[in-house]
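Encoded as structure tokens, here's the structure I'll be asking about.
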Amino acid sequence: MKLGFLVDLALCMGCKGCEVSCKVENEVPLSMWRLRVKYVDVGTFPETKRTFTPLRCNHCENAPCERICPVSALHYLENGIVNVDKERCIGCAGCVMACPYGAIYIDPETNTADKCTYCAHRVAGGMMPACVVACPVEANIFGDLDDPTSNISMYIMEHQGNVKVRKPEKNTHPKHFYTSGGEVNLNPLASKREEGYNLFNNITHLKHVGGH
Amino acid sequence: MVEHTTAATDAIVTLDVALPGIVWGWMITLNMWAKSIGTGVVLIGVYLLKKYGDRVASVKTMMPVISFIFLNIFLLFTLLDLHQPFRMWHIFFYPHWTSAITVGAWLATIFTGIIFVMAAGKILNKINEEQYNKLMWAAFVFAIPVTLYTATIMGEASARELWQTPTELLQMALAAFIGGSATYLILGVGDRNVKRDLAIVLAVSATLSFIVYMGEYYFGAMKAEEVAATIAFVKDGGAYHTMFWLGQVMGYIVPVALVIFALRTQSNSLLALASVLALAGLWIAKHVWLVIPQLLNLS
Ligand code: SF4
Ligand code: SF4
């Protein structure tokens, strides 16, 4: 079994339902995110378009975070999920430096690494990840990539040529796919971040994350 | 307003969460800097002892003592930088051998153990020449990977494209040579010939370091889009422009000039000044290189 995710960006309407349900399900602390939906506006008024991209851990098959973790706190489950053992983690932040997707943060409450686990605890009980359940337009598709009859496999087959991953050049082999997305959705360097042009201009920038 | 100033293809992030700040900060800089001195005094010290023998007898005690002090600074700040420092023992009881952090921690621990025995043996006079020499060679062998392994950690940190380069290995080795030679020059070890050797090691290492940084500065952007975006932080108008050049000038350019002048005028105080500047500049240069890739948004 190899669990994977696919987001159909043509369906996503940026409601942030997934984001909120993830925070609630996993008790993600304030100012931290396992999953978030990024808005990028493209074009010149009035020809502008707003894009929405849910971003979470890709559960890479060749995960740099797993490789660098000195104590195997980051480890693979048999279903392919890259999980975190918070009891094992020493908080070295090696994984934060290694994940090319910025998917890991140091939880300020536990002082250990944390990230999306594809809701491994729910999956173990036969449930879908919280974000999948919350999505009102079924933009999040989750399932077994090894099973050709699973929803996700069939979706990938149907959208051949339109299925992308983030930063393929990093050779991490993500098990998280996107359809109908372009550079601005998947490449952080394809968009600008300018002070004053954000919907929430008073963003709280995190101070040095750390237990010292 | 965005809609009036951007071209049709321009894309602007209009809603996102706060990005994490600098996670590996000054403690990691201090850790790398102290390690360069801790290993450098061994690498250079063994060279001096082999070449000059009893003419540099003081090095026999100085080398393990200084190395032990700086290795402990390095280990202390490595520990303090952990968010769960009391779990440090997990590295030894649940080691994950694909991680350069694990391998480095083990090597550094063994190395520090050897250095401790050498330092204690010399201070307490409980070690004979033969034992000392054996330990000295063991220390020399361990000093090499201990000084280099940080480059492998940075290499494993795949998110930071700027660190993904074999030149990091060279930078670590050069930092150790600068650290070792500068320390002995500050302490005024040896006669004129010894000082000349140390000065040459310092100047050549500083020159090579400068060349490597300049190579990255001018050509790094050709390697990857992310490197180009990272280097922008030290280019004109970048947030770390001044600090970067301060490090380069203070750590490499001025010390080389001072060494050349000092060798001509045979001035020990100029050599000491060059060394102090080199050590301070090394810290700054390392810090900038550590921080800038962390400013880049990854998602
Ligand atoms: S996306 Fe990042 S955190 Fe997730 S498996 Fe890949 S490297 Fe690890
Ligand atoms: S912070 Fe924790 S999970 Fe991340 S690499 Fe270090 S020990 Fe592993």
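Here the Cβ of each residue, glycine as well, is placed from N, Cα and C on the backbone.
Fair warning: this is a prediction, and the values are worked out from it, not measured in the lab.
Quick paste of what TrEMBL says about this protein:
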type     : residues  : note
TRANSMEM : B:23-49   : transmembrane segment
TRANSMEM : B:61-80   : transmembrane segment
TRANSMEM : B:100-123 : transmembrane segment
TRANSMEM : B:135-157 : transmembrane segment
TRANSMEM : B:169-187 : transmembrane segment
TRANSMEM : B:199-219 : transmembrane segment
TRANSMEM : B:239-263 : transmembrane segment
TRANSMEM : B:270-292 : transmembrane segment
What else in the chain is close to the transmembrane segment (B:270-292), if you only count residues 6 or more beyond its ends and a Cβ gap under 8 Å?
22, 24-26, 28-30, 32-33, 36-37, 162-163, 171, 175, 178-179, 181-183, 185-186, 188, 195, 198-199, 202, 206, 209, 213, 230-231, 233-234, 240, 243-244, 246-252, 254-256, 258-259, 261-262
Take the transmembrane segment (B:199-219) and find every residue of the same chain, 6 or more past its ends, with a Cβ under 8 Å from one of its Cβ atoms.
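Contacts with the transmembrane segment (B:199-219): 44, 162, 165, 167, 170-171, 174-175, 177-178, 180-182, 185, 227, 231, 234-235, 248, 251-253, 255-256, 259-260, 262-263, 271, 274-275, 278, 285, 289.
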Is the transmembrane segment (B:100-123) in contact with the transmembrane segment (B:169-187), using three or more Cβ pairs under 8 angstroms as the rule and ignoring pairs under 6 apart in sequence?
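No, since the transmembrane segment (B:169-187) and the transmembrane segment (B:100-123) share fewer than 3 Cβ pairs closer than 8 Å, they do not count as touching.
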How about long-range neighbours of the transmembrane segment (B:135-157): same chain, 6 or more residues beyond its ends, C-beta under 8 Å?
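Residues packing against the transmembrane segment (B:135-157) from afar: 32, 35-36, 39-40, 42-43, 46, 49, 64, 67, 99-101, 103-104, 107-108, 110-111, 114-115, 117-118, 121, 127, 163-165, 168-169, 171-173, 175-176.
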